[in-house]
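Structure first, then comments.
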Amino acid sequence: MKVLILIMIIASLMIMGVEMDRDSCVDKSRCAKYGYYQECQDCCKNAGHNGGTCMFFKCKCA
């Protein structure tokens, strides 16, 4: 039982790490209301993601 709980804790920490990496461009590139979406795409691709979009003036990597 303790092993199962330990595995679940480790898995949740790994998932949290992936989510944090996915948003690695949020602080680097704030999106303007109009345009500048290419900067977000480039930032996410340089960080190793497939691309990104602007949501609520923040860059979200996919």
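Start at 1 and count along the chain as shown; that gives each residue its number.
From the backbone N, Cα and C atoms, a Cβ is placed for every residue, glycine too.
For Cys44, the disulfide partner named by Swiss-Prot among Cys59, Cys61 is Cys61. Among Cys40, Cys43, the cysteine that Swiss-Prot records as disulfide-bonded to Cys25 is Cys43. Residues near Cys25 (disulfide bond) in space but far in sequence (CB under 8 A, at least 6 apart, same chain), listed by position: Cys40, Cys43, Cys44, Ala47, Gly52, Cys59, Cys61. Of the listed recorded positions Cys40, Cys43, Cys44, Met55, Cys59, the Cβ environment within 10 Å is emptiest of other Cβ atoms at Met55.
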